[in-house]
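Visitor: Pulled from TrEMBL, these are the listed features:
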- 182-297: domain 'Fe2OG dioxygenase' (DOMAIN)
Amino acid sequence: MTTSFSCLPIVDVGALKEGPLSEGDTQSLSTELYSIFATTGFAYLVNLPLSFDHTEIFNVAKEFFELPLAQKMRLAKTSFRPGNINTYRGYFPIQPHLASDNLKEGFEIGSPNLDHAAPVTSKTSKVVLSEPNVWPSQDIFSKQARLEQMHSELQAFAAKLLSLLAIALGKDPAFFSSWLVDSLSTLRLLHYPPVPLSPTKYTNEDEVKLSCTPHTDSGILTLLHQDDTGGLEVLNASGDWVPAPYVPSSIVVNIGDLMAKVSGGRFTATMHRVRAPQPKLPSVGYGRFSIPFFFEPGENCIVGNFDDDKEGVVYGEHVRKKMSTWVEFLEDSGYDTVSTEGN
Ligand SMILES: O=C(O)CCC(=O)C(=O)O
Ligand SMILES: [Fe+2]
């Protein structure tokens, strides 16, 4: 159950940088993570086992989003550019014709190591979850290899966190290892442009201008890099939106719906939203950049229930069901492709 927290806990995961964890670190970290995921469902992690810092990862995002729109549209999912064949990976543009509280563009990649030989197709959806990544040509975007490396490191980090959760649950540390096979984990670069505010805004809580509407993440575990723009807020059990401001050198971790479900409610998927970045703040000339990494099992993985007497969920079926509600995956986006094609 989410609790009436007023700020998010900070967990030092520095012990994960070294080789095998000591018995003491294993116990203390697994207990701490378990209790966080059972209460706030959200925390900051610091002292990360990653080879890159905020400056580097946000420079990669900036290099991508500064490409001309026509170049980014070459990588657009087929729902935004019908001539393209990519359905799950690639670019999605800002969609101003939809609700203005979902103003964001994004670029998504999957694992560089995924085997694309036998894509699974579905009778009800055209989306190929295991399709290869799409990339800008190397002469205009130099960071493909580095971004793939970041994906691999975040995947390894998520696997370590899952192993600690398994221990906290009293299971074998490898309890979640089948979830790593053919993993569909997604690294998503996000850019929210600044949104002009009228002076009357913020007089009433209902009028808060958002660029990401309240939601829970759909999957297992999210590792989020956010820049120092601010705006992320997390809902507590009393119905208050608690700010989750920028903490230098940290990432935010949170639990998704599927994990909450298969944990039999032991873990909580907490609602969150993002306030629109305002152009009047000097630091938000670009708007907000954030980079969630969604840990996802393989398409055919049966995500087993922690309680052995309850049925598991096939991950591919779960994600296709959820997808019908995501703005970046509407089957027919209604996007005005003509005005964005260019050269
Ligand atoms: O931009 C953020 O900080 C949060 C993004 C998010 O919640 C999501 O993409 O699921
Ligand atoms: Fe989210």
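Cβ from N, Cα, C; glycine included.
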Visitor: Limited to the domain 'Fe2OG dioxygenase' (182-297), I'd like the whole-number average of pLDDT.
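Guide: Mean pLDDT, the domain 'Fe2OG dioxygenase' (182-297): 88.
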Visitor: Per DSSP, what is the helix/strand/coil residue tally across the domain 'Fe2OG dioxygenase' (182-297)?
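Guide: Breakdown, helix to coil: 12 helix, 43 strand, 61 coil.
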